[in-house]
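Inspection log for the structure reproduced underneath, given as structure tokens.
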Amino acid sequence: MFTIITGAQFGDEGKGKIVDLLAKDYDVVARFQGGNNAGHTVKVGDEVYKLHLIPSGILLDARVLIGPGVVLNPEVLAEEIEMFEKHGVKVNSEKLGVDAKTSIIMPYHIELDGLREASRETKIGTTKRGIGYAYIDKVARDEIRMAELVDKERFLARLEELAPQKEKEIEAMGGDPRIVRDPELIKRYLELGEQFAAYITDVSREINQALDEGKNVMAEAAQGTHLDVIHGTQKFVTSSSTIAGSACANLGVGPTRVDNVIAIVKAYITRVGEGPLPTELIGELGERIQKAGGEFGTTTGRGRRCGWFDLPLLKKAIALNGYTEISLTKLDVLTGLDPLRSAQVMSIKGKNWTILRNLRKTSRHAALCMKTCQDGKKN
């Protein structure tokens, strides 16, 4: 059985918790996109784990995989492995596999990301972790892959090939180009390459073989549908495709092998950073939901903007992902709120739409038809 799990909103829907609950029934859990710009929190007993790269199934018996659609900061991966091992969770190459084709985030990606965001007249709210620039290099065929990181000669040769252009880019943006060939940073990356050599695998081969053997495989997304680089609220989006279809493309699994696509949906809606949020609650009520729901980013610590449930937004996510099931989270956060409200229809220039159109283009001209529920005092 092959199951894909994605967030149906703007991320932070509770995917980590649901994946962790379901993972006991799966043999393999794979992450298929994003980087350490998104995180999820998993609680086991009294222990709280904040993850940014390693899939949630690491705490159970599943084999966990990081696919080639991910952009990976090897330093962050090393920190997560160290965190687990301090808590007695062994993360060896039998437990974790990283695809050889996975692009790595270099220090110059982080530098370029920060410089670019600082130069924008309108900020897009990037986490400045180099994610976007790593994806730019992937598309431009200027990436450094895990297969090269774990091979000293190939890594140094590839870096030398790319360095002149990266130095020019950083200098042109007012940064210090010496970061590209910094000896201490290069030494550290070579050490990380040695550490991860045993983890290298072919994720597509592993997943297809597992499915052929009748095993259960779960593909886990980061972020949410409406942050998708193509279908999201551009330019306030992430740098990768967050919808279910990209799981097949990024993991190298044919779409006819998909059995279930599960939507993770929060009973209200949140968004981190900039971008449209039609049902946003400004003021005391929004702050109350933010506090009750613990709506602060795992990665950045930034407070999340909160709003009422948005049905047209969800219907668009259903169309984009082809969901077979929906998991509703954080309904308890709304306990005691009276009345509860939700957006049912988006009205644009006198025409009603029950499914979201182009949110960024239409949000300035849209009015929401809200439904009120008086059951907020009930659990």
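Note: Cβ is positioned from N, Cα and C throughout, glycine not excepted.
Sequence annotations record features per position, and here Swiss-Prot assigns active site, proton acceptor to D12. For H40, the entry in Swiss-Prot reads active site, proton donor, with the evidence type sequence analysis. Look at Swiss-Prot and you will find G11, D12, E13, G14, K15, G16, K17, G39, H40, T41, R304, K330, L331, D332 tagged as GTP binding site, backed by sequence analysis. The IMP binding site annotation in Swiss-Prot covers D12, E13, G14, K15, N37, A38, G39, H40, T127, R141, Q223, T238, R302. The annotation Mg(2+) binding site is assigned in Swiss-Prot to D12, G39. Under the heading substrate binding site, Swiss-Prot lists T298, T299, T300, G301, R302, G303, R304.
Location within the structure of each feature annotated in Swiss-Prot.
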| residue | record | Cβ neighbours (10 Å) |
| --- | --- | --- |
| D12 | active site, proton acceptor | 28 |
| E13 | GTP binding site | 28 |
| G14 | IMP binding site | 20 |
| K15 | GTP binding site | 25 |
| K17 | GTP binding site | 18 |
| N37 | IMP binding site | 26 |
| Q223 | IMP binding site | 26 |
| G303 | substrate binding site | 15 |
| R304 | GTP binding site | 23 |
| L331 | GTP binding site | 12 |
Practice item. Would you pick out, from the binding-site residues G11, G39, the residue whose Cβ has the largest number of other Cβ atoms within 10 Å? Key: G11
Check your understanding: To the nearest whole angstrom, what is the C-alpha distance linking L331 (GTP binding site) and G14 (IMP binding site)?
Key -> 12
Exercise for review: Spatially speaking, which of the recorded positions G11, H40, R304 is closest to Q223 (IMP binding site)? Use C-alpha to C-alpha, please.
Suggested key: G11
Review point. Between the binding-site residues T127, T300, where is the Cβ count within 10 Å the lowest?
Key: T300
Exercise for review: State the Cα to Cα distance, in Å, between G11 (GTP binding site) and G39 (IMP binding site), rounded to an integer.
Suggested key: 10
Point to revise | In the chain carrying the residue listed as 'active site, proton donor', residues 6 or more apart in sequence that have Cβ under 8 angstroms from it | key: K15, G16, K17, V19, K50, L51, S56, A222, T298
Exercise for review: From the recorded positions D12, E13, G301, pick the residue whose C-alpha lies nearest to the C-alpha of G39 (IMP binding site).
Suggested key: D12
Revision key, fill the gap. With the fewest other Cβ atoms within 10 Å, the residue among the binding-site residues T298, G301, R302 is G301
Exercise for review: Can you grab the distance from G303 (substrate binding site) over to N37 (IMP binding site)? Cα atoms, rounded to a whole Å.
Suggested key: 15
Practice item. Can you figure out which of D12, G14, N37, T127 (the recorded positions) comes closest in space to R304 (GTP binding site), comparing Cα atoms? Key: D12
Review point. From the Cα of G301 (substrate binding site) across to the Cα of the residue listed as 'active site, proton acceptor', what is the distance in angstrom?
Key: 12
Review point. Whole-number Å distance between the CA of R302 (IMP binding site) and the CA of E13 (GTP binding site)?
Key: 16
Check your understanding: Could you tell me the C-alpha distance between N37 (IMP binding site) and E13 (GTP binding site) in angstrom, no decimals?
Key -> 15
Revision key, fill the gap. Nearest to T127 (IMP binding site) by C-alpha distance, among the binding-site residues E13, T300, G301, is T300
